[in-house]
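Engineer: Mind looking over this structure? Questions follow.
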Amino acid sequence: MEYLKSERKQILYSILLGLVGGLVGIALFGLSGYMISLSFFDPPFFVIILIIAVIKLFGMTKGAFRYIERLLSHEATFKLIGRLRLNYFRSTIGSGQNTHSVKFIQKLNQYFEQVENYYIRIIYPYIVAVLISLLLMVLAIYAGLGFAAMTAIIALILLFVIPKLFEGRMSRILESRDRTDDALYSRFYHYIHDYTNLFVTGKAESEKEKLAPGVRKIRENENRMAMNESLMQFLGQLLQLAAIILIIVMLYEQTPLWVPMIMLIALSYFDLAMPVMNPASQYRTVKSAVSELELDIADAAIPDASAEVSAIEVDHLDFRYPNASLDVLKDISLTVKEGEKHAVIGSSGSGKTTLIDRIIDGDAAVTLYDDSGQAIPQSSISQVSVMPQQLDFYNASVMDNITMFGHLDRDRTAIEEDLETFEMAHYTPDTMVEFTGRLSGGEQKRLQFIRMLAENKDWWIMDEPTARLDDRLKQKIWDHILARPTLIVSTHDLSRLGSFDHIHYMEQGEIIESGTYEQLMQQRGPVYQAVQRFRDFL
């Protein structure tokens, strides 16, 4: 747990404050019981007033300790999680993982939520409960070895035996929940982002119905977890009842005046220890998630993404989607050097978008090179401006979306000019963008294009950059695209095909023809036929 180094002092203080707060709470109940016993002897009035004042003071002190303890423990944990999340994200940039995938984003959220639970709901309270149990065992010796033994047995059952009994069952429930969440999260993600297409094709309701079994399964898992928690609480309450009966039996004959005080101390201890049982039963499952994150962060080196890309090589690339039976890409090979313009064309479903995605996201068959011919990390793709088919925008202003919250150097005046140029003058830099519906498909393309202009990089990789745009806008976009020195563009728009140095025609996941525009026109093959169809369509 080397990553805890920065927060060790805060964590130690929070545990000590939790311990003191717990002891004050127990002392508060003990004094109340002592006052009940003391009233039997008709004590002086000032003694009762003094005890009441101390009880009130303990009550305020307990609240203050609890507040400061929560403040320190939560601050330390959130700082820790923030640093872990950042380091984990950095460590995966060059690891070949798709950092825009549903599963990666889900892991980035869910696993760190488990880290939060691990510390705030399991580790801190459990350590406090164990320390208080040990102190009560020592104090119980004063009342007799029998009391000390009873305290030890109760603590053992509450903090170890009951959680261990339910650990396996809870582990199975949590694993089932994670599997269900994985499937449902992915379905929800695609349902939301593909809703427009589903609505247009009349499939929205049928896809919505497919989500229902997953939702029901989540409810079933929640009910099973609630039942487990109720069973643990029931066993804890049975143990509490047995402890109270034992206290009465052991003290009634010899020291009956101790009964109220020790009984209230026992009740206070149970109130402190019983909430720890359920989180403790989840320790094994949560610990495995935490350990996986620790291992990933410890083993993964943060890659250097600063190397300039001089060439991209795709070498015998095959690809199929998970659970699919057929390859989407088959033996794709091409090399793009700095200063070259490459166009990828073909009919819908030929694999163009998948090829662009594999180049952007990274693949074992895709290698980036620097100007010396040395292979560089896949993370260096960050030196390339990209326009994938699935675009990302934030619920923020137009300016924040274009400049990525100030990370790109583009002033307000330049953004206003860009919006005017690309016929989006109805937006201002301060207009709020809502990704869930504010932007049309064409507006998303144009806003991403303005973002790429703000990045001002020499390499551009684009998937259908002129889709959903009218002819006037298409020409403006093409003029800016072709001004870039290095391009990889997938497109159905063949109006500017002659401006590219290399053209690759794809069909059924394969590149079946490549060459310059002049060569391909002379060969009168698939590219020539596609150009003729495009001209006839116009």
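Using N, Cα and C of the backbone, Cβ positions are placed for all residues, glycine too.
Feature annotation from TrEMBL assigns domain 'ABC transmembrane type-1' to 14-288. The domain 'ABC transporter' annotation in TrEMBL covers 312-533. Residues or ranges marked as transmembrane segment by TrEMBL: 12-37, 43-61, 122-141, 147-166, 234-252, 258-277.
Give me the structural setting of these features: burial, nearby parts and distances.
Structural biologist: Only residues 6 or more beyond the boundaries of the transmembrane segment (43-61), in the same chain, are considered here, and those with a CB under 8 A from a CB of the stretch are 24-25, 27-28, 31-32, 34-35.
Taking Cβ pairs closer than 8 Å, the transmembrane segment (122-141) reaches residues 11, 14-15, 18-19, 22-23, 26, 73, 147-148, 150-152, 155, 159, 265, 269, 272-273, 275-276, 279-280, 282-283, 286 in its own chain, all 6 or more past its ends.
When Cβ-Cβ distances below 8 Å are used as the criterion, the transmembrane segment (147-166) is approached by residues 126, 129-130, 133, 136-138, 140-141, 228, 231-232, 235-236, 239, 243, 246, 250, 262, 270, 273-274, 276-278, 280-281, 283 of the same chain, each at least six residues removed from its ends.
For the transmembrane segment (234-252), the residues of the chain that approach it from at least six positions outside its boundaries are 144, 146-147, 150, 154, 157-158, 162, 258-259, 262-263, 266-267, 270, 273-274, 277, judged by C-beta separation under 8 angstroms.
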Engineer: I need to check the long-range neighbours of the transmembrane segment (258-277): which residues 6 or more away from its ends have a CB within less than 8 Å of a CB in the stretch?
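Structural biologist: Answer is 22, 25-26, 28-30, 32-34, 36-37, 122, 125-126, 128-129, 132-133, 136, 143, 147, 155, 158-159, 162-163, 166, 232-233, 236-237, 239-240, 243-244, 247-248, 251-252.
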Engineer: Quick one: mean pLDDT on the domain 'ABC transporter' (312-533)?
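Structural biologist: Taking every residue of the domain 'ABC transporter' (312-533) together, the mean pLDDT is 90.
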